[in-house]
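Worksheet: one structure, shown below.
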Amino acid sequence: MFIVLGKSKTFISTFYKCLCIDFDRYMENWILASFGIKSAHSFPSVVSVAGLFGDEGLVPVHLQVAGVQRPLLEQLQASPSLLWLGPTLGLGPQQALEIICLLGVLLSLGAVLLGALRDSLVYLCLWALYLSLYTVSLSLDNLLLEAGLLAALVAPCALLRRISASSHHDPVTFWLTRWLFFRLVLCTGVSKLASGDPSWWDLTALSRHFETQASPTPLAWYAHQLPDWLSKLGAVYILSAEITVPLLMFFAPVRGLRIGAFYIQLCFILLGGFSLLHLLTITLSFSLLDNDHFSSQKKKTKTKTWSQFLLSCLSFLVKLAVYLLVLFSAIKLFKLEINWEKKVVTSKTTFTRKSFEEFVKQIQDPTIWVGVLSLTWEVVAALLKCVCARGVLNKLSSLIQWAIFTAAAAAVFALSLVPYTAMAGMSGGKILPEVRKAYGAVEKYQLVSAYGIQHRMVPPAGRPEIVLEGSADKKTWTELNLMYKPDSLSECPPVVGPHQPRLDWLLWEAAVGEHDQNHWFTGLMQRLLEGKPDVVSLLQVDEAQYPFSQTPPAFVRAKVYHYHFTRTTEDGTHPQAWWKRQYVREFFPTVHLGDPALNVLLSDAGLKEKYPVQSSPDTPVSQALGLLRGHVRGLSGPLVLLTLFATVASILLLKALFSRPRHPKGPKPKSTSEHRNKKPREAHEGSEKSRAPPNRGGKKDNSEERKQDSDRSPPRKRK
C-alpha cells in the first residue's frame, strides 16, 4: 500500500504549499524543497504496486472487484473507488490501479512545479484518487485523507477567482489545519498513558523506542547508548509536548506562545525520525505560525505609545507565566529532582491511571469550547473584512464565498468531534444525535478520523522481527533477508527515510501478533513458493542478493526473533555487531505448494481464486504500463527517491534563478496600490482647485503651480 502513501505524500506536501502561498520567498523555497522530498515517494510505490496488489501480488486487487454484479452507481455508493470504472473503460483491475497511481503522481508533481495546478479542484481529484486506493489498501492511512480534504478547502479555486479575487475566507479554512494538528498531537499523547503502556508509565519507553521503531537508523544505535536518566527525561519532554503544550499554547491568543509551541513540537518530532507520519506532522505544525514570522522585510521601528508598551509587557508576562506553568507541571507530575552527587536528573510518575482518566474527562468540554471560540473568532474577523471590501459586487461575492467556506469549515469541525470524543477517557454522549448520524453517513469517505485509538505497545522484551526462511530439501534452511529490515546482525541499519518500504512496515506490525491476524502473510508465503518476480522484488531488487533467484524454494517457514541493539564495551569501543537476537517462537508453519494446510489458510484469508482470472487485453495502455514496470523493477526505493528529489530540486532552483526580477537602477517605482490610492486624492484636489477663484497674479504663478503639481503627481496618459 506504499503506492497510497507515496501519492498522497505528494499532494499533502503541495497542500502545505497552498497554505503558505503568501509567505515570504524564503519560506516558500523551503516548503518547495519539502515538496520535492515527499513527491518522490510516489515513484517507488510504482515499483511495489505490482508486488502488493497486482494479479500476482500478495493481495490481488481482482479478488476484491471480481464477481460484483451490482450497478455501477450502487457499487460506487457502497464502496467509493474509481477502480469500479475499470471494466467500463476496458481496463483490468491491475491496470486501473496503476493508472490511478500514475495520475496521482503526475498531478502531484505538476502541483509542485506549476503554480496554475495548485488549485482546489486538483487537490480534490488527488483526494478522490487516494480514496480509491484506500478502499483496497492494507493499512489505515486516514491522516492523509483528512489532510487531503483540507488541501482542497485551503487551496485557491480558479473558478471563484474569476468571479472575485477575494481571499478573506482563507483564515477560516486554514484554521482547520491547526485543529487537525491539535487533535493529532493531543490524542497521540493521551493514548500513550490511557492505554496503560507500562513503558510510558515508568518513563522507559524512549530507551526502548530507538531499537523498536519501524525503521531504526545508525543514529538510533548511538541514542540507545544514552544513560537511562536522560532517556527518562526525554520521555517526560515528549509527554509534556504532546499533552500540556497543546492544551495551553496551540490556541493561545498570544502570538509568541504559538511560535514557541511550534519549535517545541519541531524538536519533539525530529526525535522520532523521518517517516511519512513525522514529515506530515511537521507540515501540519506550520499552522501555528503566521506570515510575519518568516517575513524578510523588517517592520520599521516606531515610537511605542503607552498603551502599546503596556500590551507588550502584558504579553511578555503571559508568555512567561505559561512557560513556567509547563515547567512546573512537568516537575510536579513527574517528580523531577537533581541529584548533585551523581550529576543526574531523576524522574518518576506521581499520578495514577485513575486520576489521569479523570483529567481526560475534565478537559473534554473545555477543549471543544476553546475550538468553538477560536473558530468563531476567525469567522467574525473574516466577515468584517468582507463587509469592509470596496465595491458592491466585490462585497457581495466576498460574502457569498465567506458563507460557503464557513459552512464547510463548521461542518468539518462538527464531524471531527465524533472521533475526537472517541479518545480513551472521553465520553461522546454529549454530541448531538444529528452530528453522529451525519458522521455515520460520510464515514466511508474518511473526511475526519480518530487518532491514537490503536496505540502500539512498546515491546518490553526487545524488537520482534519475522525472519523468513526457505529450503530446497527441508533440511538446509536459508534466511530470506529483506533490504531494509535488521535481519543481519553485523550490517549497519540502513537509512531509508523518508522512503517507507511497505512490506517491511507490514512485517514490523505483524510481528507482535499471529499470522492468522494478518491474512496477507499467507499470500506472501504462496508467492515466494511460486517465485513471482514482483513479490521477490519487494524483498531484494538485486537478484544476486536473493538466494533462490534461479529456483524458487520448495519449502518456506517463518520465525520470530527478539532483536536488541548491542552496547558499547567498557573501554567505549564499538562492538563488531550492531544487533543481537534471541529465538522466540514459530510464526508460520513449514508449507509447500499443494500443501493442504496452505490451501486451507488461503481459503480462510480469502485469497483463493473464486473466479477465473481474465487476461488483460493487449492494448497500447497495457504495453506502456508493462514497459514502465520493467524499467523500474530493478531500482530500489531510496535510489529512485533521491534521483527524483534531485530532479525536482534542480527544476525549482533553475525556475527561481531565471524568474528572479531585475530591478533597473534609479528610484524605486511606486507600487500599483500607491498609484491607485493617489489618484482619487489628486482628483479631489483638482476639483477643489477648479472651484477656487482664478489667480489674478498672472500667468507666471499659474505656470509655477502647474509645474509643482506635475512634479508631485505621476504622468497621466492621454485619452
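Backbone N, Cα and C define each Cβ position, glycine as well.
According to TrEMBL:
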TRANSMEM  96-114  transmembrane segment
TRANSMEM  121-137  transmembrane segment
DOMAIN    138-295  domain 'Lipase maturation factor 1/2 N-terminal'
TRANSMEM  143-160  transmembrane segment
TRANSMEM  234-254  transmembrane segment
TRANSMEM  266-289  transmembrane segment
TRANSMEM  309-334  transmembrane segment
TRANSMEM  368-393  transmembrane segment
TRANSMEM  399-420  transmembrane segment
DOMAIN    447-589  domain 'Lipase maturation factor 1/2 C-terminal'
TRANSMEM  639-658  transmembrane segment
REGION    660-719  region 'Disordered'
COMPBIAS  671-691  compositional bias 'Basic and acidic residues'
COMPBIAS  698-719  compositional bias 'Basic and acidic residues'
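In terms of C-beta pairs under 8 Å, the stretch of 143-160, 234-254, 368-393, 399-420, 639-658 lying closest in packing to the transmembrane segment (96-114) is 639-658. Over the domain 'Lipase maturation factor 1/2 N-terminal' (138-295) the predicted model carries a mean pLDDT of 85.
If you look at the transmembrane segment (399-420), the same-chain residues 6 or more away from its ends with a CB under 8 A from one of its CBs are 149-150, 153, 160, 164, 166, 168-169, 172-173, 175-176, 179-180, 183, 187, 368, 371-372, 375, 379, 382-383, 386-387, 426, 428, 431, 435-436, 438-439, 442, 447-451. Secondary structure of the domain 'Lipase maturation factor 1/2 C-terminal' (447-589), assigned with DSSP and counted as helix (H, G, I), strand (E, B) and coil, comes to 33 helix, 34 strand, 76 coil.
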